[in-house]
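Following: one structure in structure tokens, then a few remarks.
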Amino acid sequence: MFRKYMRPTKTMASQLKRRPQQTPALSTPLFARLEENLSAIKQTLGNPQDLIVRPFTIDNASQACAVVCIDGLVDSDLINDKVVKHIQLMLPASGKTLPPPGEEMLTFLLNEVLSTIEVKRETTFEAMYDRVLAGDTALFVDGAAQTILIDSRGWETRSIDEPVSEGLVRGPREGFTENIRDNTMLVRRRVRDCQLRFDTMTVGRRSKTDLIIAYMQDIAHPAIVQEVKRRLATIDVDEVEESGFIEQWIEDDFLSPFPQCQVTERPDKVASALFQGRVAILLDGSPMGLIVPVTLSVMLHSPEDFYERWIVGTLARMLRYIAAFLAVFSPALYVALVTYHPGLIPSDLAFSIAATREGVPFPAFVEALLMVATMELLQEAGLRLPKPIGQTVGIVGGLVIGESAVSAGLVSPVMVIVVALTAIASFAIPAYNLALTFRMIRFGVMFAAAVFGLYGVVLTFIAIFIHLANLTSLGVPYLTPFAPQLLHDWKDLVLRAPVTFMRKRPETAQPTDDTRMKTGDAP
Amino acid sequence: MNNVSYADQKIGSREMVIIIANAVIGVGILTFPRSIADETDAFDGWISVLIAGAAACLIGWLLGRLASRFPNHTFFEYVALIAGRPFAYLLTLLFGVYSTLLASFEIRAVGNIAKQYLFTTTPVEMITLAFLLIVQYAAAGSRIALLRLNLLFLPIVLLVIFMVQVYTLRFLEWENVRPFFSSDWMSLLKGAKGVGLSLSGSEIVLFYTVLMRRPQDAPKSVIAGLAIPILLYMTIYMLVIGVFSPAVAKNLTYPTIELAKGVEVPGGFIERVESLFFTIWIMTIFNTCTIWFDLALSTLRSMFTRLSKFAWILILSPIVYLIAMTPQNLIQFFAFGDRLSYFGAVIAYVIPVLLLAIAKLRGVKDSG
């Protein structure tokens, strides 16, 4: 029924395409006269303060030149040392015979004088603006309807830090930054393989953000790579701020509460995903990479499962699957047991729970709703506040509200325990976006428990799994390898087999080359 | 998008085994020790289970042969090939009715048992309605997802029933079991008939073989799929008789659930395990029910192709609900179930086996 709303990509994209293109003046070729070019640039950009236009002459003032760049985006030392200095000081000193002014002079400068690696000729305003606004420097020569674009990007960036949202005890401490070059470097340092592909594209009609699709040419299934590219190509909007934007464009089902891309700021996670035949999407300006396709089980795994020995890894994983269950169902189970099935609780405990609930004026559902909602508030508030105050929220919320709510008789102490357990369980989920999903679903399950008790809980459990069985991430069923069953992949699921056992790559992403280690190589 | 190979809408042989097992395990397993104990003396019912199991396997194998003879055709198409279109219309329609009735039966069973074990005051109409909504939701999704749900829930259900069996072993009393071989053959056969009726479900192979990646494995899958419930029936029967004695088993409505009453979770963490047991058992009843609901939808849609799946769900749901609400008490409900089983035995076992014989004689095969 909702099929027609499920695919926003096509309809929205076609609506956007109908809009008129940008001002045609941009696609006009550059002028031959220097002054005309410079005044056109100033006019188009609105002559901002950070626009640097430096005119100069060479060959005894017979040839007028100019460099144009944006202050802050460029490495000004590089422009000084490698461009201006070379042309103004070293060229006259070298004693070379200079060609006549105009295009020949430009070719001469490009081939013999400029000593930077990345230089390019452009003939239109549009191409020139694209590069200059991205941090290149344009060198104009009077008389030539061309410009030389020198790669001089060198803005201030954050240094590579420890990933904030995915901390580990054991494992690399490097996290992605906002600079896509740093990020590709971090990935390539881990994957020194000539089959690694970084396919580049630009998204955002105006923001013109760089985007990189990373995959292993001989491992990733071509259909998956192709589908990723097809979906990315449909993106047609003004600005793309964060990879979350990409995620929401390419996901299979936008009505689903479950995330359909894995979000990570760990290059080691990206690298291991690439080796499994999955596709990573990196966006300039965002320290969060996306990995597709994703399955529910992958989101419950952490790289540490592999860095620690397999026994520890296995136990940690089992713990996390239990945590996922508790994060969703424990308040609902409390409501169901207390409201409908006190007979299921051991009689001693049932009496003591009843005794603590003696003064509580609300039914268990309202009590649970109150506490879980407070917990949500605390989490949200703690997130927004600066770090030092954030801790205060924890103390005020956790200790003061919890303790005094009990002594004021608003909630029972058992409820506080249940809520605390739920919160801790949801913190144990390695994927933050999945934990968010669990937090949302929790309310629905609680409501079902309030109406139908344990029966309601099991019905919502079934409903969640119906949804998950229907959900796909880039065409890959979300519950792989549970359903469809890929028994081979179960070595790396709830149990994490010793690394020497895993001779084949997981089949989940359908790798075209499935051999991870040659038989006999393992000790 | 479907060029990723396992994202194809197909099921493997192992998955088929689980689906068959899940279709067979449903409500029948909760009540069958009573129907055996009614007919046989002491402990002899295990022979009945064995006879019924062997018969079910034989018929299931034949049905698998029939379906795998036409791997690229739907049920309606191959019946039309063998016996002509008018007969195909009739049989498919009857199957549609049968599936609808079975879905109603399962839904009502959930309502009845939930009322007995979980809440006594909530009206059965509401319990049933909530269950029907979930079944609708499953049916509205893709068929392959519906079948894959079986893979998720069966292990949970098997684990629970296994634990119940292990825990009740210590209540086994030898006096209840003796004397051996005291029943005559007629009563054993009557008991077998009772078990056989609750072993139905393997007929779904007639419809789902077309979805299999290797349809030629269908007969094998049916046998393996039936082996799981037959083993369960055997062990549950032995435990029920061994724990409760035949005289008591005769008077229990749901002997298998009562078995769970004896379970004590170590540490006394949970009491009254039978409620919890049934709560988890809802999963397998749900699976059985969605399979029948899906078959009702697909058989009807194969004849009347005009209407969309969603429209059929909207038409079928009220019918299923009304039929489920028709029996006024437990006696009527079980009578409804018995008549339904006889009806099913004719259209799902006798006629398809005859069709297989005709197909063999006339040499009708899959042309494609």
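Note: Cβ is positioned from N, Cα and C throughout, glycine not excepted.
TrEMBL does not curate its annotations; it predicts them automatically.
The following features are taken from TrEMBL:
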type: TRANSMEM; residues: B:16-33; note: transmembrane segment
type: TRANSMEM; residues: B:45-63; note: transmembrane segment
type: TRANSMEM; residues: B:75-97; note: transmembrane segment
type: TRANSMEM; residues: B:117-139; note: transmembrane segment
type: TRANSMEM; residues: B:151-172; note: transmembrane segment
type: TRANSMEM; residues: B:192-211; note: transmembrane segment
type: TRANSMEM; residues: B:223-244; note: transmembrane segment
type: TRANSMEM; residues: B:276-298; note: transmembrane segment
type: TRANSMEM; residues: B:310-328; note: transmembrane segment
type: TRANSMEM; residues: B:340-359; note: transmembrane segment
The transmembrane segment (B:151-172) versus listed stretches B:75-97, B:223-244, B:310-328, B:340-359: most Cβ pairs under 8 Å:
B:223-244
Where else in the chain does the transmembrane segment (B:192-211) make close Cβ contacts, counting only residues six or more beyond its ends and a cut-off under 8 Å?
9-11, 16, 19-20, 23-29, 31-32, 35-36, 38-39, 45, 47-49, 51-53, 55-56, 59-60, 63-64, 66-68, 71-75, 143-144, 147, 218, 221-222, 225-226, 229-230, 233, 288, 291, 295, 298-299, 338, 341-342, 344-345, 348-349, 352
Segment-segment contact (the transmembrane segment (B:16-33); the transmembrane segment (B:310-328)) at 3 or more Cβ pairs under 8 Å:
no
List, by number or range, the same-chain residues at least 6 past the transmembrane segment (B:75-97) whose CB is under 8 A from its CB atoms?
66-67, 69, 206-207, 210, 295-296, 299-300, 302-303, 347-348, 351, 355, 358-359, 362, 364, 366
